[in-house]
Amino acid sequence: MVPVAIEGCNQGTEGGGPRSGSISLGLLIDFIVQRTYDELTVLAELLPRKTDMERKIEIYKFSARTRQLFVRLLALVKWASSATKVDRSAHIMAFLDKQALLFVETADVLARVARETLVHARLPTFHMAAAVEVLTLGTYSRLPAVIRERLVPPPSLTPGERRTTLRALAHVVRQRLTTASLPSDIRNLKVENGRATFSVGQEFSVSLTVMGDTPNLPWRLLDIAILIQDNETGEGKSLVHSSQLNWLRGVAQARLAAAGLGGALTALRYFCRSLSLELLYTQTLRLCRDRLARHLQVDRYIPGQKLQVSYWRELGCELGYRLIVGAEADSLCVWHVPALAGGERVASALTPHAPSMERLLAHTVHVRSRQRLNDLKVLLNDLGVECSVGGWPCVLACSVVWPCLRAEQLLVSVGAHGGRLRARVPAYPATPRMPELANALTIADRTLVRNLLTHLRFWLVARRCEKTLQHLPASVCEHLPFLHGPDHPLNKLSPDRLYVTLHRHTDHILVVEMKEVAAGGTATTSSSSNSGSACSVALAFHLAGARRCTPDECEDEVSASSATPATSRAFLRLHSLVELDTFTLTHGPFTPLDTLGMQPGKRKLSAANNRNVRVRQPAYFLPELAHVVAAADERVPFVNIAQELAARGVTHGGVQAEWSGSALGMRIVALPRPEGAGEGAAAALRARLLAATVRLTTKNQARVWTAEIVFHGSPVPTPNPKEQGERRCVYLQYELGTDAGRTADAFLADWAAIVHLHTLLYDFMLRPSQERESLWQGVCIRSYTYRSLVLGFGPAQRATAVLQWSAAAQRYTVATPAHQPAANAHHLLHHHLDHYLNWHKDLMSLGVVLRETYAPLLALGRLPALPQLGLHHVRTLMPTPTFTLLAHSWRKIRIIYAGAYSIEVGIRGGNMVTIRDGSYSKFDRSPVVDEFAPAHGLKTFLSRYVDDNISARLLAEDDNPPSPMSPMPPGGLRFNAPLTPPQPHTPHSAPVTPHPASPAHQMGGGSFNLTSPPGAASGAGGGGAAGGAGGGGAGVSASPASPLAPSPLAPVASPHPPPTSPFTTWPASPSLPRPSPGHHPSPRHHMEHKGPQASSSTSSRGMGGLSGRSWGGTPGTPLAVSKLEALCSPAEPPPGAPPGPPLAPLQRFLACVYMKRALQRFVHQEDYLTMVSTDATSLTFRCDTAGLAARVALHPQHMQSLHLQLTPLADVKDNWSADDLQVMEKFFEQRVAIAPYRATALQGWARAWGAPAAALPSLVALMRADLAPIAPALWTLHWVLRIPPAGPLIVPAGQPAVLLAKHKILFFICLTRGETQLVLPLVYDVQSNAMQIAERRDAQQPHLNAVNLQLKRFAEFNQGHGECILWPAVRDLLINFTLPQEAPQAPAPPPT
């Protein structure tokens, strides 16, 4: 327990408290810091008064002393940090010794009192009388009287007695002052409390009194106060020391006694005057030492009498500029050498109570500067310059030009220190030749001053020009690198000129000539009221045309055209110089003339006595210059463009002011006919042309050319409400560049586009209205803006096609906007429509093409085109487009499915299309186009969508093949003359030209066969035909002028019909020559012929008896567009097909064919599978290991799903039950051959057939558990046939999930419970009859380890049974497996 000190006990040196002479460490540090701060404060006050060496010595002593002190403190602190425990123990021991000593001492004192004091203790006798007096009266009167006489002071005066005495004394003082003679400069006389206090001349004040009321008694001096102060260098301290003041008080008291009050005041005045002179002398020495050593000097100083100072020593005056301060009578006076007018104002600056030499010099310099500047004012007024003198310091302000801003005035001042003249312009600190002007003013040289003022005047006007043009697209420069001879007109101009370069027109320069106007002349300045002043400057403007050149080009003008572009052209050569009339440029046709007496903004004339209103505008703004630059900037582009247009054959009316003079425009009188445009269409367009004007406008803060072309109405009515007026305007905009020729070319190119587009519409309007209405049913012109033509077609004509003429390509362009009210599917035919329009230049046939192709293309656009992973059986990780649409022409579309099958769709018109297998040639089925496989069963599949009347024709055509024919000649098919009467020839119908019959170029009246001949080698079903090449269609006749085939059953017409009606009115007329269908462009990798050899072999087979029905080629199946839309639109699975997502029937069919083909390839690859037979819709194979024969076939009704039929072989018929066969068939239909139709899943299913016979029942059990989950299972089983992306990285994703290796089977299953999914790779060893997890060594997953432990535990309890444990082990996992608590869940997406 820590001992506690006894309260009230003082600890000695040997106690527990601090020893004598000790102190707390914190208090010691506080004392040291305070001592250091105190010494610093003392040094700060004393050092300014000492010299530099004394300061350094004091600072060194302080630093050494302080450093030693803090070094000791540091040593003490370090020792204290280690002596804490020793001190604590010493304090405890001292405290215990003190306590023991206290106990011993207390016992000794108590014993001594008991033994000695208390033995002799007695009570005294009481003094009753004193006690009674004190207790009753409170006093004690029996003290000796000597105490009161010697020690108690007498009583003082009362306050009332004091007031009475002081009033009487004050009355005596007033009486003495009344009778005495006082000086006139006594101020603030005050008598109070028996004393008189007054000040004399603001120099000193005294306090007097008298010691009695006797008249001859002398005054008694109580106090003296010196009022003179040094506010500038005295630092607030008194000028008279206290000892000096005491001495002065003694002297004044002696004078009072000897000479009276007047003598004392005279002595004090002399002292104060000497003090003032001494103070001025000290201030002068300080000024000379600190600042004015070169300009100020003390010539003579007599203490108490005179001080002579010289200033402006640099001017070198004979007498010099001097200032003399001396005593005159009782005050100080100032004299100036040379004499100074207005010196009394300088003397007033010398105040008695605070004399200041700096203030005295400042007043002197100000008055003398005003005197010099007044002399300069007279000189400048004689030169015609308005001047004024004023300000502090004094400044001479000269208006060099008129009107003149205050910032533009020439300010002349006198230097306060040196006395030299200084000239400057406040607005322009860097004004040139200002020192020269100041020197000229100093020596008063009139000629030199006049020349310098003229130069300054021109320079200020140049700066005004810069400020005037600072917001205009122009720059002002004083010099440009011109190359010209001495006789050039530019040299005849005034040498004082400026060059204004136009930013937008670098080939033109505005020359501004400046001339000083003499008295009585006229000037073109910002103010015409002062035109006769000598300060006016006239401006003349010249527009110069310039071009960049080199010195060599300047010497030889011919070489300028042949100079290389790489030569640096840093000089300018003027090729024209034209003087501009300012009045003409600033007064246009819409400018009102000045009327005498007319006030701005009023229509009535003002009375003669009314004061004219002065229009105020900035002096630096030159309106004539701004108007001239703006006019040049506006008109130069028009001059350039007018020259370029005239050179290109455009007639114009020149530049004219429009809209009350607010803008400029150039009227186009006549435009040339573009090359290639028809004369009739151009004349009709010129007849509609009302006006054409070219203007300069602003767009997005940039100037652009705007050409306005006004037409009268429109040649065709449109439903657009904005195109209903009689006045139609077309606006063309171009960038304002330096190349006017390019702008002119662009304008003429746009005019050519208008003419060519009008030509297309003009030819269309020449057709009879009945023909236009009959052929264009469902097509309309929605908009015609003279620059674009918009056709509407489709339902309610909401789909659009925009026709324009491209000037760059010199051809028509057809654009099908994607963002419009109706879906537009013509993007696929974009290039073909362009080619068609530019080949035929027929608007009517283009409208028919757009109308007839819209519905088929819209139907084909419903096919999915998104890329899919795993769609290709080899490139599983490469995205493969589901469907790819390729347009071979505007009537032939190729559909490619998964890069494996090609289907050609031919647009026949009349809402009919033909479909054929694109893997075959058009004229021979023997060869197959590279990269594509035949889609077996396509003809049969499409026949389910063919109408009944067309189906009857198909059967008839199978029995009536056409006659043999030779290869098509380059000119197309030739037919016999028609047996029907020819149609009358019209200007808009094709000429009917009969061709002579020839054995090699004849063909019967029947059409090509539409049925698919059976394949001689493969036995597969025929494919459909497409496009405009072969194949017939439904018996629907097309329009006579339609570019489509007139009959679906007739030979196909050319994809590029002539501009007029390409077909006659007779359906299937063979009289017209039509080019070969193979002449239209097609991709190289989809060529329809194998080359000349293939064509010759095909023709030879056709001529040789038509064996194998090679005559049939690849005829197409005719379908209605509504059936095509049903084929391509997503729909639910048909009856009999497994459930799945909505897909297009065509996609389901091709996917099934692709799966069947892949299965056929797998059967040929695997050794344990044997192919039995194949046909167009089915595939039969057998597996001897399993003892089964399997037949995979398309659904016989809709052909949109694959179905499996199993049959046990005869020798193992009893090994399989009907339920097992049904489970395998159902598993194939619902788990294998379903969307998204992956061939790798089918391959995994096919590999399962290669498992040993002992493991096949277990695999069937897996299929049964996948289709119907077992009841007590905790997990749901899904047999994974292809590796999912989230599965274990044992096999790459997308590959078959069933692998057979010698005696082992690797397969994958997916266990699902709620949101938890586990993909397990299981390996079954047939020899050891064991199951385990297949996992990589570098990827350890907790749930796989748990499954492996579960399988090992199951194997331990099921040893020796002999049966296959594949299914029992999996069933045990489904029923008993649980995830460990510490194992994280491994989510995986559902396998596909």
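The backbone N, Cα and C atoms fix where each Cβ goes, and this holds for glycine too.
What TrEMBL says about this one:
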- 288-342: domain 'Mediator of RNA polymerase II transcription subunit 14 RM2' (DOMAIN)
- 650-738: domain 'Mediator of RNA polymerase II transcription subunit 14 RM5' (DOMAIN)
- 779-840: domain 'Mediator of RNA polymerase II transcription subunit 14 RM6' (DOMAIN)
- 961-970: compositional bias 'Pro residues' (COMPBIAS)
- 1018-1035: compositional bias 'Gly residues' (COMPBIAS)
- 1043-1061: compositional bias 'Pro residues' (COMPBIAS)
- 1070-1080: compositional bias 'Pro residues' (COMPBIAS)
- 1102-1115: compositional bias 'Gly residues' (COMPBIAS)
- 1159-1233: domain 'Mediator of RNA polymerase II transcription subunit 14 RM8' (DOMAIN)
- 1251-1380: domain 'Mediator of RNA polymerase II transcription subunit 14 C-terminal' (DOMAIN)
> By DSSP, how many residues in the domain 'Mediator of RNA polymerase II transcription subunit 14 RM8' (1159-1233) are helix, how many strand, and how many coil?
Replying inline: 28 helix, 25 strand, 22 coil
> Can you tell me how the residues of the domain 'Mediator of RNA polymerase II transcription subunit 14 RM5' (650-738) break down into helix, strand and coil by DSSP?
Replying inline: 13 helix, 47 strand, 29 coil
> Any idea what the model's mean pLDDT is for the domain 'Mediator of RNA polymerase II transcription subunit 14 C-terminal' (1251-1380)?
Replying inline: 87
> In the domain 'Mediator of RNA polymerase II transcription subunit 14 C-terminal' (1251-1380), how many residues does DSSP assign to helix, to strand and to coil?
Replying inline: 39 helix, 35 strand, 56 coil
> Which numbers of helix, strand and coil residues does DSSP report for the domain 'Mediator of RNA polymerase II transcription subunit 14 RM6' (779-840)?
Replying inline: 18 helix, 23 strand, 21 coil
> Where DSSP helix means H, G or I and strand means E or B, what are the helix, strand and coil counts for the domain 'Mediator of RNA polymerase II transcription subunit 14 RM2' (288-342)?
Replying inline: 6 helix, 28 strand, 21 coil
